[in-house]
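Before any comments, here is the structure.
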Amino acid sequence: MPQKDPCQKQACAIQKCLQANKYMESMCEDVIRNMRRCCEVHRGNSTCCSGFKDSKPTENKNET
């Protein structure tokens, strides 16, 4: 029996939040942050993290 993806719960929470908030990412920042944390811990063991591998939130977009 295949093992459950360790970050599947967070990935589903992102989808649920985005759907509930008309896909406004700004309304789901805390849920997305939780997914990033999970992916940091389970990077090699989670297929749900494939889109989060090297993506990090930009703290300040005006830096040069």
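Each Cβ is built from the backbone N, Cα and C atoms, and glycine gets one as well.
Because the structure is a prediction, the values reported are computed rather than measured.
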Per TrEMBL, which of Cys17, Cys38 is disulfide-bonded to Cys28?
Cys17
Pick from Cys38, Cys39: which cysteine does TrEMBL list as forming a disulfide with Cys49?
Cys39
What residue among Cys7, Cys12 is stated in TrEMBL to be the disulfide partner of Cys38?
Cys7
Judged by the number of other CB atoms within 10 angstroms, which among Cys17, Cys28 is the least packed of the disulfide-bonded residues?
Cys17
Out of Cys7, Cys17, Cys28, which of these disulfide-bonded residues is nearest Cys39 (disulfide bond) by C-alpha distance?
Cys7
So among Cys17, Cys28, Cys49, all listed as disulfide-bonded residues, which is physically nearest to Cys38 (disulfide bond)? Use the C-alpha atoms.
Cys49
I'm trying to understand the geometry here, so how far is the Cα atom of Cys17 (disulfide bond) from the Cα atom of Cys7 (disulfide bond), in Å to the nearest whole number?
15
